[in-house]
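Enquirer: Pulled these features from Swiss-Prot for this protein:
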type	residues	note
REGION	2-494	region 'Monooxygenase domain'
MOD_RES	Ser649	phosphoserine
REGION	658-704	region 'Disordered'
COMPBIAS	669-679	compositional bias 'Basic and acidic residues'
MOD_RES	Ser685	phosphoserine
MOD_RES	Ser687	phosphoserine
BINDING	Cys764, Cys767, His785, Cys788	Zn(2+) 1 binding site
BINDING	Cys791, Cys794, Cys814, His817	Zn(2+) 2 binding site
REGION	854-886	region 'Disordered'
REGION	905-1023	region 'Disordered'
COMPBIAS	938-951	compositional bias 'Acidic residues'
COMPBIAS	989-1014	compositional bias 'Acidic residues'
COMPBIAS	1039-1051	compositional bias 'Basic and acidic residues'
REGION	1039-1309	region 'Disordered'
MOD_RES	Ser1187	phosphoserine
COMPBIAS	1230-1239	compositional bias 'Polar residues'
COMPBIAS	1245-1255	compositional bias 'Pro residues'
COMPBIAS	1257-1275	compositional bias 'Polar residues'
MOD_RES	Ser1272	phosphoserine
MOD_RES	Ser1276	phosphoserine
REGION	1332-1546	region 'Disordered'
MOD_RES	Ser1335	phosphoserine
MOD_RES	Ser1369	phosphoserine
MOD_RES	Ser1382	phosphoserine
COMPBIAS	1405-1420	compositional bias 'Basic and acidic residues'
COMPBIAS	1454-1465	compositional bias 'Pro residues'
REGION	1559-1837	region 'Disordered'
MOD_RES	Ser1640	phosphoserine
MOD_RES	Ser1692	phosphoserine
MOD_RES	Ser1695	phosphoserine
COMPBIAS	1754-1763	compositional bias 'Polar residues'
COMPBIAS	1795-1811	compositional bias 'Basic and acidic residues'
COMPBIAS	1819-1830	compositional bias 'Basic residues'
Amino acid sequence: MEERKQETTNQAHVLFDRFVQATTCKGTLRAFQELCDHLELKPKDYRSFYHKLKSKLNYWKAKALWAKLDKRGSHKDYKKGKACTNTKCLIIGAGPCGLRTAIDLSLLGAKVVVIEKRDAFSRNNVLHLWPFTIHDLRGLGAKKFYGKFCAGAIDHISIRQLQLILLKVALILGIEIHVNVEFQGLVQPPEDQENERIGWRALVHPKTHPVSEYEFEVIIGGDGRRNTLEGFRRKEFRGKLAIAITANFINRNTTAEAKVEEISGVAFIFNQKFFQELREATGIDLENIVYYKDDTHYFVMTAKKQSLLDKGVILHDYTDTELLLSRENVDQEALLNYAREAADFSTQQQLPSLDFAINHYGQPDVAMFDFTCMYASENAALVREQNGHQLLVALVGDSLLEPFWPMGTGIARGFLAAMDSAWMVRSWSLGTSPLEVLAERESIYRLLPQTTPENVSKNFSQYSIDPVTRYPNININFLRPSQVRHLYDSGETKDIHLEMENMVNPRTTPKLTRNESVARSSKLLGWCQRQTEGYSGVNVTDLTMSWKSGLALCAIIHRYRPDLIDFDSLDEQNVEKNNQLAFDIAEKELGISPIMTGKEMASVGEPDKLSMVMYLTQFYEMFKDSLSSSDTLDLNAEEKAVLIASTKSPISFLSKLGQTISRKRSPKDKKEKDSDGAGKRRKTSQSEEEEPPRSYKGERPTLVSTLTDRRMDAAVGNQNKVKYMATQLLAKFEENAPAQSTGVRRQGSIKKEFPQNLGGSDTCYFCQKRVYVMERLSAEGKFFHRSCFKCEYCATTLRLSAYAYDIEDGKFYCKPHYCYRLSGYAQRKRPAVAPLSGKEVKGALQDGPTADANGLASVAASSAERSPGTSMNGLEEPSIAKRLRGTPERIELENYRRSVRQVEELEEVPEETQAEHNLSSVLDKGTEEDVASSSSESEMEEEEEEDDEDDHLPTSDLGGVPWKEAVRIHALLKGRSEEELEASKNFEPEEEEEEEEYEEEDEEYEEEEEEESSEAGNKRLQQIITAADPLAIQADVHWTHIREREAEERMLPTSESSTSRAPLDEDDLEEDADSEPAETEGEAAEDGDPGDTGAELDDQHWSDDIPSDAEAEHRLQSQAKVKAELELRVSENEEEKPSDAPKQEERGTSQVSSPSQPPEKQVGVFSPARSPGTEEAKSPLATKVKSPEEPLFPTPLLLREKPKAEVPEEQKAVLSPIRSQPVALPEARSPTSPTSLQPESLLAPPTPPTPPPTQLPICSQPQPSSDASIPSPTKSPIRFQPVPAKTSTPLTPLPVKSQGDPKDRLSGPLAVEEVLKRSDLVEEFWMKSAEIRRSLGLTPVDRSKGSEPSLPSPASKPISLKSYSVDKSPQDEGLCLLKPPSVPKRLGLPKSAGDQPPLLTPKSPSDKELRSSQEERRDLSSSSGLGLHDSSSNMKTLGSQSFNTSDSTMLTPPSSPPPPPPPNEEPATLRRKPHQTFERREASIIPPPTPASFMRPPREPAQPPREEVRKSFVESVDEIPFADDVEDTYDDKTEDSSLQEKFFTPPSCWSRSEKLQAKENGRLPPLEQDVPPQKRGLPLVSAEAKELAEERMRAREKSVKSQALRDAMAKQLSRMQAMEMVSSRSHTAQSQGKELGSESTRHPSLRGTQEPTLKHEATSEEILSPPSDSGGPDGSVTSSEGSSGKSKKRSSLFSPRRNKKEKKTKGEARPPEKPSPGLPEDVVAKPKSLWKSVFSGYKKDKKKKSDEKSCSSTPSSGATVDSGQRRASPMVRAELQLRRQLSFSEDSDLSSDDILERSSQKSKREPRTYTEEELSAKLTRRVQKAARRQAKQEELKRLHRAQIIQRQLEQVEEKQRQLEERGVAVEKALRGEAGMGKKDDPKLMQEWFKLVQEKNAMVRYESELMIFARELELEDRQSRLQQELRERMAVEDHLKTEGELSEEKKILNEMLEVVEQRDSLVALLEEQRLREKEEDKDLEAAMLCKGFSLDWS
């Protein structure tokens, strides 16, 4: 019996697993049926099915799923499944929205039946998911069914996978799902209800299907069609001709593919360069492109019609889009080639093979469809009543609201509508009256089209079917039941829609309220008469002749702006001059475009009445609510200024803003409107179409329109302010404008001369045809049709607010092509476009579009306007039938089906076949993954995520090589035996598991998300930013620029290349970075901090990802050894091969530094990342590197260039660090380089010789030389031994170097010089930054610490820059260049008393100076984003080293001499597992000297009380979460931390390992030798730097002294904090600190541990400083503060918006600094800065508090760490672990208890608890992930905003076209040109006025949008510049050429300019927003106004 029972149970488990893992629709249904049969369950019993299934399937894998579903189902809104118990619902379509609706209805207790027409889920297309949708799906157990669901940064999923997930959930809940059933209509209840009480049924095919017998009370259409259910009228949005092409390529999930970054599209919106290159290279002309990596490689692009014609994709050009895109008119082969070519180019040919996936017809999965017209249903639901039966009919998904692709709006709004519909059904079932149900549903539906990820509620955990939980300002009673009566169809209402329009849209043109409208010309005339009263020579009696002299116009302007016109000086006789003056001033100052020229006005007998009405209306609208000058005589100057500002138009502001090429002009009204618009634009962000909607879509109620009008008027005032700002900015822009701008004259001045070749204002300048008043635009004195206003080069339709004009040849260009005007390119390029122009001239609609790829439709529309009706109707009518049938993609699909069946007679291929073909690579792995996911949520998800990381994230991990493989390669390169590899591999898995478990589901989710995200999202970002490797991601700029970058890299062998790369990326980066400066940094750091993160990720992935620390250690050890060797060789080679190294370094640096850190720092960061990844990357490199000269260089080059994609992280990391370091000191550095690279490297750095060389480049040549002698010995031993301890750290140190390396590699001296130069540049940058900050009202970041010292340092000495590393310890001076060496010194110090004193010595001014320079550097690197990543790796390294050190240190009294390292235990051993051993060893080795240097890194963390540790963690956590903060963090923290950590970590770790090594290798002396260099290094620091550092330290002391010092002195418990402080505080601390800092970031305690000793020794700032290194502590502190200040400043520079955050970050950073008066302060500050930076934006206050707390506690901790705490190390470690987990738990679902439990379990499983290093690494990793995720979110937000703006601009264009069309018709009638004779019909005149007003509103709205777009563009540019600058500044100034330095200055200046522009824009928008807020008391009305009618995207 028992056995049989067991078999049954096992079988059930197998069947359940099969069901969960099913990959097709049919397979899922079959598996589910088998499961039910086996368990003897009947799904038809829907009420109890789920509960029975749950009770019968007692399977641990299922329990996690039950838990999630129970949690969801227990929500109060579902009333325990009894809310809709007797309601029967039919859902049409098993798409994502239909299934999602079914799930909610089922949870409500309803009987739900879903019918699906097909039986296969075949759509590979990828959907972008908004954050709430991810949260929602996770809550339904998505990860249980699809382990890779949104892992890491991935936030998209294929439609197929989403359907499978929801299908499985639906089946489990007992929902009936029928496939192969097609809905054909409703069957009304029979009239004879007495005999048969039959209700509503469905008519289906096949007719005999049981579903046809069901009766329903609710039917929901979710099949994506437009006409499945009757009664829903559609609103159409017609944009420009938009042709989309989607393509799916097979994803084989190879490493190479994993490295290719995704493209999210944001960069392309503003980055025209890529599209230009694409067109030049391939002839493909796109408007946009997006690439998502999912089960397939999914590309979606918007192609321009002309390029499709040119490439032969479309055979014939038809006006009708249906004909145009019909299968007969499309060459399929050409289409495939077109898609493949575009995909290949956009990914830089990095996808190895682009084989098409197949669709369900077995054909290549490529589709082309038209989404010019998108539809939205006018209502979401209706009720039908027939024969006593009511039927509630509703729509969800695309049927309700078609999405504008590809922003993820479809699924997001679809899910929202699904929940809204469920809420409606709930109300219906609970007995609410039908009209009330409908009124509530429509009130909610009003908001749906306006939802964006930003304006929905942010508390996703509270989401339920109740709309109040999802829409922030919802008024569910907005509509009254009486207003929706038309939606209740009792079968009697004849004209539902007429009634509906009257009810819902009482006014079709809400904007024109009676009092606002100038409907009667008498009103306008009366206003003009009042304004011109009392002016001599002005007598206004009409709207024509009275204005001829021009005096009346001048009088109106003078009345309001007497400052603009000297009325008394005007001569009444000079008609032309007077009019031209008025026109010019109105255009320039008020944003009102002229309707004619002064010359024309003088030459005509009587001015045209219609033109004058049009023109004067704009003055009326602008000034009607303003005070005239006579009324303002009593106002003070300030009030007058405000008044003046209020009469300035945003448009004019916009036209000046950054219009260095040419002035942008806005339509006459546009500027005015802009004024309104600007204010609205703020709102626009949410629904950017506010105004226009009002004007065109008469959807809003009257109230809304009036409110809107009021708002508009108010906005006008704001506009003026904008204009005022614009004028001020304009002067500056013009000063800075490029020479070319001379050709571009101000519009005003140009207009003054009436072009002789013009026929007048009624003749189009371009096509020479008649241009009517309503369609007339003017720019530069020319008048033309909107559709004729095109770029001479590319024929893109131009906007008045964005164009460039070449005065000499009278041609207009889009800004990107202005530079081509003289190149002959224009002529060459124009041909392709030429037809367009010609066609435009013809005025054919199709031509317009053709010419306009961007605004095809609009052009067409414009032309159509000319011949009203025809074109438009022509376009619309042919496609109407089809359009009503289905959505664009559906139409495409149906076309395909038809053509396929006719031509090839193909049947649909089975879903299995399709899946097998498309997903072969996925399916092989899939089962395991799925199984894993089902296993245990936390474990599974973590595992999967980790797996994903391995597979997909390899990029982040090892640059695309799975870590295991990387390890193997690494080992092989190192000469590791296969067995060892196997051993390490075995080790790693354990660790991975542990980590996974430890992280838990949520954490894991985060990690997964972050890592994968970092892979995917990061890739996307990278793509946008750079094609670089994940490591390079940081630096990555747009992928568009990647190529450039690579080329530049090639050209610039040294850091220059990296810099150059950055610039290339700059544009894209700007976009990305700008919009997400923090993101980019954060992402880079997290994701792409290749140096930091990459290093760390490698490290972490290696170590962290490596589940167990031991494993990681082991791996690290072997890797480190190999790496060390490689690195050494590489270093040597690097010097020899500067160009190669620079490239690679650049890449690595770029990646690393790209975020915030300077290259050096990044290098440091990189190293750590490299150590694992590097080792792997290095393996190839290593081999080559082995031959120091040739191999390394050539390989790096190859690797670097190609591997960018292939070996981005690792190789880049490896090469970068290696090269960098070797450059400075070939010999010394070589060793160091390897050391740095490898964990051992870090350890090795302890050997003074090696580190010094490495550091030397950073610090100064002298150091290298001194160290040089030691390098070789240190090299190998250190390399090998330190590897383990240093794995993380070494990477970090190396990265530091590597960043500085490009030039370093080339030559030590050069490097030094460059470093100096760099520091000068940095200083200049900081100063400017401070200025900007001040101008912004922000407190300038305190740069004195980092920046100033840095400057002096560099100035005084190259070493200065490196001084931070030098700071670490006297010995480390040589090591200085290598941050890690510093650490060794510190360790060394413990080894030898001499060392220790040097540590203290740093106190000395020179020390401080060193520190300052170090700080500066650190700042840079931190800012690069090293901080986060570095922190991770450093933390890890520190954790292993420091923790190990802590343990040993703790074990051994500080005073006792360090015991010799166990002979068998090498640094490598120490590495991860070795951490513990290492710690002991370190302790023994370093103890006496260590007390200050060692103890504090390792032990402090251990000893500090948990609380303290936690605090630190909390701090870290706080800092972790936010991308914005991340940016700051990268800026602040990363810089500080990174450098510091680099230096910091290595010192402690190295000390021990070094000592061990030294002892083992007889290297102790070298360490001591190092010490002297360190001392020397300290002196190297300039006095200025020292002073600055000291000042900083003092300031910090003051702020934190009491707390931090007291704490530090009072308790060693604060050790943790001390650790944090230490990491910031000393360079050794820096190297350590980097690790520690990272750790501290992650595990403040970790940091504290390392720092404690130092702190203890130097309770006072100075004392602490010396202990850390020469100037290490001080330097650390200083540098950390300085860097954080710097980074803050930088961020402020970069992103004005960040200013506040930065301020906070600054403040926060400072408090931390304060906590550790000396090093501790710095250390604390540093970690804090990093963390805070990360979190500052989001949790500024919290951060501050936590920072201060942790700071204060940390210092005390540090002080106490000395003796007792060392022992505490293990405890501390555990606590750190916990804390880290806890801190992460904030981010994750894990609770602290869970974390504790987990950690305890882990420790049980693995006796060895996570070392502090590991913990910190993990923490760092999480932080990085959080930052990455945040950055990604920022990027996505920017993308979303850009796409919304783009779409709205298209909408505005279309509306304008329609208005112009009507206006032309009315004008013709009024002029008698319509064949009816001249009519003075008052009705026509009234109509004319209305149209004029609407057009003005449109223009104003368009200008608003343009301002938003401009602001977004500036944000983006700033972000890219910021990124590039970071990359460049990461390289030591002494490594840079004059050209590079001047380039940096240029970038800085440009950035300042961008910041100023953005600040003015932001200020303007903010002011308008505030004004609007005051005027808008009714929020609901505001929502309405926001474009419910306009924006259906």
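Each residue's number is its place along the chain shown, starting with 1.
Backbone N, Cα and C define each Cβ position, glycine as well.
Could you tell me the structural context for the features on the list?
Expert: On its own chain, Cys764 (Zn(2+) 1 binding site) has Arg770, Val771, Phe783, Phe784, His785, Cys788 as residues at least 6 apart in sequence with a Cβ closer than 8 Å to its own Cβ.
Cys791 (Zn(2+) 2 binding site) has a Cβ environment of 27 other Cβ atoms inside 10 Å.
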Enquirer: Quick one: pull the CA-CA distance for His817 (Zn(2+) 2 binding site) versus Cys767 (Zn(2+) 1 binding site), whole Å only.
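Expert: So the alpha carbons of His817 (Zn(2+) 2 binding site) and Cys767 (Zn(2+) 1 binding site) sit roughly 21 Å from each other.
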Enquirer: Looking only at the region 'Monooxygenase domain' (2-494), report the model's average pLDDT.
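Expert: That region's mean pLDDT is 90.
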Enquirer: Rounded to a whole angstrom, what is the C-alpha distance between Cys767 (Zn(2+) 1 binding site) and Cys791 (Zn(2+) 2 binding site)?
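Expert: Just about 14 Å between their Cα atoms.
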Enquirer: State the three-class DSSP label for Cys814 (Zn(2+) 2 binding site), counting H, G and I as helix, E and B as strand, and everything else as coil.
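Expert: Coil, per DSSP.
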Enquirer: Using the Cβ centroid of Cys791, Cys794, Cys814, His817 as the reference point for the Zn(2+) 2 site, which residues of the same chain not in that list have Cβ within 8 Å?
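Expert: Surrounding the site, in chain order, are Lys790, Glu792, Tyr793, Ala795, Thr796, Leu798, Tyr813, Lys815, Pro816, Tyr818, Tyr820.
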Enquirer: Within its own chain, what residues at least 6 apart in sequence put their Cβ under 8 Å from the Cβ of Cys814 (Zn(2+) 2 binding site), listed in sequence order?
Expert: Gln272, Cys791, Tyr793, Cys794, Thr796, Leu798, Ala802, Tyr803, Ala804
Enquirer: Three-state secondary structure of Cys794 (Zn(2+) 2 binding site) from DSSP?
Expert: coil
Enquirer: Taking each of the binding-site residues Cys767, Cys794 in turn and counting other Cβ atoms within 10 Å of its Cβ, which one has the fewest?
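Expert: Checked Cys767, Cys794; of these binding-site residues, fewest Cβ neighbours within 10 Å: Cys767.
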Enquirer: Check His785 (Zn(2+) 1 binding site) against DSSP and tell me helix, strand or coil, would you?
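Expert: Strand, per DSSP.
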Enquirer: What's the most sparsely packed of the binding-site residues His785, His817, counting other C-beta atoms within 10 A?
Expert: His817
Enquirer: If you draw a 10 Å sphere on the Cβ of Cys788 (Zn(2+) 1 binding site), how many other Cβ atoms land inside?
Expert: 28
Enquirer: In DSSP terms, helix, strand or coil for Cys764 (Zn(2+) 1 binding site)?
Expert: coil
